Amino acid sequence: MAPNLRKSHPLLKMINNSLIDLPTPSNISAWWNFGSLLGICLTTQILTGLLLAMHYTADTTLAFSSIAHTCRDVQYGWLIRNMHANGASLLFICIYLHIGRGVYDGSYLHKETWNTGVILLLTLMATAFVGYVLPWGQMSFWGATVITNLFSAIPYIGQTIVEWAWGGFSVDNPTLTRFFALHFLLPFMITGLTLIHLTFLHESGSNNPLGIVANSDKIPFHPYYSTKDILGFTLMLLPLTTLALFSPNLLGDPENFTPANPLVTPPHIKPEWYFLFAYAILRSIPNKLGGVLALAASVLVLFLSPLLHKSKQRTMAFRPLSQLLFWTLVANLLILTWIGSQPVEHPFIIIGQLASTTYFIILLILFPITSALENKMLNF
């Protein structure tokens, strides 16, 4: 009998083992859809981004008007731009839900998969940041100035690093050109890291909602989960197109409709909504270096998740106390997101400081203590 090409061809074999004949736990829920959704988001972003780059000019005098030109004169340019801008928001929604699921279900115990995932998150954040600077509006310019300036808090070498990153003594043309180069390059790095992430995942196999070894009961990925993923795509692309077509500027800052002006500072400098939680943590510490360290720690703390897992059970499915803490953490992040969008005045300052403290206390102290307590209660 002739060999099945799908199973014998060197390239098709890899695709087959990853997307067709992959043994998958039979009980994974819709929370396991977000990985494939992130893949679709990334593909959409790269395609729309490529089309935008064809019409974009990375020059301070032309950047703003080149985007206006794209929206007005290019066939469906407005749609491509709106899909790209709002696609970023959707990508972040998916990645935050994906990470939340990982924390809830103890997926971080696949250490290599988890660590590559956190590196992916950091790369994605860098990509989104440099991308936000490209339209060269007021918030683009001042956001770039404020965030890059944080590196000057590094003792001794900080100022040198900032001027090296800027390519001068302020955010100007060299900064814009290099940010465009980086924004073009990083998504391909993300794609490469995604393949590494998947390689590690397929090495150990997927986790599942019960957190038990599922080897005794696995089903092929196709047709079961491929169908389920297509449903996920539809349910995700629907809100994206709705947003891009009906209220494309809902999540943007009106300040960015004004071309960048180094002489006029906007009243409230704030990043896009998906960075507000980290921005709130940064602002809640009055000291510059302290704020920068807290900002870095707010994401890097994810690397510690595998070390802080003290429970004898993998998931939180049967741990009511940890569940309570988990949802408190979610509420806490929503509060931080809200605080990040507010001006620095009473009562927002104290709320932000309390929420920032609670964020770290829950992750670093309460989760391990509660796990140990639950072990005792269950006589483990």
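Using the three backbone atoms N, Cα and C, a Cβ is placed for every residue, glycine included.
Record features (Swiss-Prot):
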BINDING   H84, H183  heme b b562 binding site
BINDING   H98, H197  heme b b566 binding site
BINDING   H202  ubiquinone binding site
TRANSMEM  34-54  transmembrane segment
TRANSMEM  78-99  transmembrane segment
TRANSMEM  114-134  transmembrane segment
TRANSMEM  179-199  transmembrane segment
TRANSMEM  227-247  transmembrane segment
TRANSMEM  289-309  transmembrane segment
TRANSMEM  321-341  transmembrane segment
TRANSMEM  348-368  transmembrane segment
* To do: Measuring CA to CA, name the entry from the binding-site residues H84, H98, H183 that ends up nearest the residue listed as 'ubiquinone binding site'.
  => H98
* binding-site residues compared (H183, H197, H202) - the one with the fewest other Cβ atoms within 10 Å -> H202
* Report, as numbers and ranges, every residue of the chain located at least six residues beyond the transmembrane segment (114-134) whose Cβ falls under 8 Å of a Cβ in that stretch; write 'none' if there are none. => 56, 58, 63, 67, 88, 91-92, 95, 99, 102, 107-108, 140-141, 143-144, 147, 175-176, 179-180, 182-183, 186-187, 189-190, 193-194, 196-197, 200, 271-272, 274-275, 299-300, 302-303, 305-306
* To do: Answer yes if the transmembrane segment (348-368) and the transmembrane segment (289-309) have at least three CB pairs under 8 Å among residue pairs 6 or more apart in sequence, and no otherwise.
  => yes
* Look at every Cβ pair spanning the transmembrane segment (78-99) and the transmembrane segment (321-341), keep those 6 or more apart in sequence, and say whether at least 3 of them are under 8 Å. => no
* Just jot down the residues in the same chain as H98 (heme b b566 binding site), at least 6 apart in sequence, with C-beta under 8 A of its C-beta; none if empty. => F34, G35, L38
* H197 (heme b b566 binding site) and H183 (heme b b562 binding site), Cα-Cα, nearest whole angstrom -> 21
* Asked: For H84 (heme b b562 binding site), which residues in the same chain are close in space, meaning a Cβ under 8 Å from its Cβ, but six or more apart along the sequence?
  -> Q45, T48, G49, L52
